[in-house]
Amino acid sequence: MAVSIAKQGYNLGHGEHGDHEHELVIYQETRDMRLLGFVLFLGSDVVLFSAFIFAYIYLRTTVSPTWPPILDGHQLPRLDTAFAAVNSVVLFGSGVTMHYALENWKHGNRPRYNLFMLLTILLGAGFLGGQAYEYAHAQIGGWSGSIFGASFFTLTGMHGFHVFVGVVYLIVLWLQTQRNVYDQERYFGLTAGTLYWHFVDVIWVALFFLFYLW
Amino acid sequence: MATLAPGVKTGSYHAVLDHIHPEPTSFIRKYIFSIDHKVIGIQYMITGGLFFLIAGLLAEIIRVQLLSPQNTFVTAATYNQVYSMHGSAMVWMVIIPLVTGAFGNFVMPLQIGARDVAFPWLNLAAFWMFPVAGVILFSSFLIGAPDAGWTEYPPISLQGPPGTTMWCIAIFLIGISSTLTGINFIVTIVKMRAPGMTFTRMPLFVWAQLATAGLSFIATTALAGALLALFLERTFGVPFYDPKHGGSPLLWQHMFWFYSHPAVYIMILPAFGIVSEVLPTFSRKPIFGYKMIAFSSVAIALLGFSVWAHHMFTSGMVPWLQLPFMILTMVIAVPTGIKIFSWMATLWGGSIRWTTPMLFATGFLITFTCGGLTGFFLAAVPADYHEHGTYFVVAHFHYVLYGGSVMGLFAGIYYWWPKMTGRMYDERLGQIHFWITFLAFNGTFMPMHWLGLMGMPRRVPYYDPAYQFWNQFASVSSFVLAASMLLFLYNLFTSFRSGKIAGPNPWGARTLEWMIASPPPYYNYKKIPAVLATPYDFGNPLPYIGLDAAPGATEATPTMSSHPVPAY
């Protein structure tokens, strides 16, 4: 999906007609279709996360008598909520900077767009770094030790993978804007990137609540 | 700029497609890696048809084994692999790709007056995942195919042969394909209808595809989650399902059936759509209750998500949950009943022509209704305690899937064959094919009801001699059923080689795809027509303006019900 958009999202606007108005109408129609397709794609991704979230809730409420569960005779510790809270702020902060990056693009403020976009990429990468640190230090018996580790590492790992894909996507978008692939009327790639980034944020809200606060 | 009917004001999306792809000239781009929805539809049909033959042969192995109580035709271990693969292949590699991928792709864009689907390249990618997934699935026989049934319940599937992991990968891949196709179809139907084709003027097949696409893009992703977890557990020992390591096998059943029950409707709704096209055409009557049929498809799709736990009544589920799931399951009979009665009312007093597609559509009505009624028995918790895991269940879902989906598929193939190839098939052979199919089908699966009620469990290679007679009866019938496929293939093959030229509209049908040449040209519509009404009002003039009709299309299209019916 993302590949097809990156490939065609802009090029379609270039007709051989040379009629700017006409091109723009065609671009808007294409964009509407791509937007609906992209939102549906994110919707199906939400279902994928929901399946694992359901699995986590199900395992925790019906299978394990205590939480965190007992492994080899001793109860596993809770996860480090304070550290995860700081890391969450980093991720949510990147959502804010992404919003301003898109707004500045729409208003044609290139320097500020560049600033916010690069900040978003940095914060996203920072979140991934924090997650790597957390994985290395979490004392919950590893991925295959218990259902705690299984659901924690699978769910946050899936989310981390989405963040990683998002960071790569944003870097590609930033390079494209440096090469003037988008203009002020036609920037569907940026809209899709922003949607994707907010989607990753929203999923993290659920995961943070489930794993650290519950 | 796209050419539109004169005087049509619209923000049409067809303009876009002029810019996407010129007609390819090389063989590979035209027939192998095509982005034309019609070619992709036919590719799905050929690939799915091949898999159908393989999965059908697996079924015959089952029936040969069951000819006598202690048959040694295959070992018990092989038998487990055979029925597991038969079920998996029929569900994922045959029926779902054929009803959505083949018919949805070929027919739906034509019926809404579009030049292609919304994302043709995505369509190409989604198609090619399908043969790859099929090859992965079938080659699992080389290293030991999955042997825990098509449902692959853990912990059995966790201990299954190595091929079970390949099964996970193959189904995951076909799931991605199905999700992408669903998204593609929703965007196509929502955004690319011809001007004037409001939602309440869409052909009913398009409504069915819309409801199906909604189901497949949501439900299939849940299955992907379940498969991913099974894959992780088998490969890395991540404990989701194994009770020895703190997991829960019931979790698989919840996640699997949250997909697989809606998948039942993914398999049947497009067949409903096919029947809704065939019945009015050959009764020459407006379809009865257009809106009720359309909305009941959506109602079935929505309700389909709320009934999964009826598969788990005997799995140790919390008892108080059984009642709501029983009631919700039974409620699905309401929209389904609405459809059945609307179809019967359409037939009522019509000038019926018993062509092959019409025979299959009415055969569908009879056998699917029987399958639906036995579903009612299984939905009732107390009855289910007796019937669960017996041949009664096997009989039920074959009545729904063979008597429903596959009969609908046959109706669709015969109905749209002239449109796809431009040639007619041998009508007499088609009718013989129907009667053999209908009788042999009932001969195969009807006895399974008695066997189930007598207590014969499913998935067994050996059985009590008391069940022998009806098993042999079913087996012999199934050989006849398989043989009828040869007749069918012979008919299609000779038709393709030397059939009579069909012309644009051999049936005198009224939906848009019949208004252009057969087979349709690369761009479908030179001019996009505007739509004024539903296509089913036989007796009124055609509801299209600005249609650049194919030569002969209008002559062969009676606009009044008294108009002489064209020869076929």
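Including glycine, each Cβ sits where the backbone N, Cα and C put it.
All TrEMBL annotations are machine predictions without curation.
TrEMBL has this to say about the protein:
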DOMAIN    A:36-214  domain 'Heme-copper oxidase subunit III family profile'
TRANSMEM  A:35-59  transmembrane segment
TRANSMEM  A:79-101  transmembrane segment
TRANSMEM  A:113-133  transmembrane segment
TRANSMEM  A:153-175  transmembrane segment
TRANSMEM  A:187-213  transmembrane segment
Long-range Cβ neighbours of the transmembrane segment (A:35-59) (under 8 Å; 6 or more residues past either end): 1, 5, 147, 151, 154-155, 158-159, 162, 188, 191-192, 195-196, 199, 203, 206-207, 210
Intrachain residues whose Cβ lies under 8 Å of the transmembrane segment (A:187-213), provided they are six or more past its termini: 2, 5-6, 9-10, 30-31, 34-35, 38-39, 42, 45-46, 49, 53, 56-57, 79, 81, 84-85, 88, 91-92, 94-95, 98-99, 101-102, 105-106, 120, 124, 152, 155-156, 159, 162-163, 166, 169-170, 173, 176-177, 181
Average pLDDT across the domain 'Heme-copper oxidase subunit III family profile' (A:36-214), rounded to a whole number: 91
Non-local residues, at least 6 beyond the ends, that sit with Cβ under 8 Å of the transmembrane segment (A:113-133): 83, 86-87, 90-91, 93-94, 97-98, 100-101, 104-105, 156, 160, 163-164, 166-167, 170-171, 173-174, 177, 197
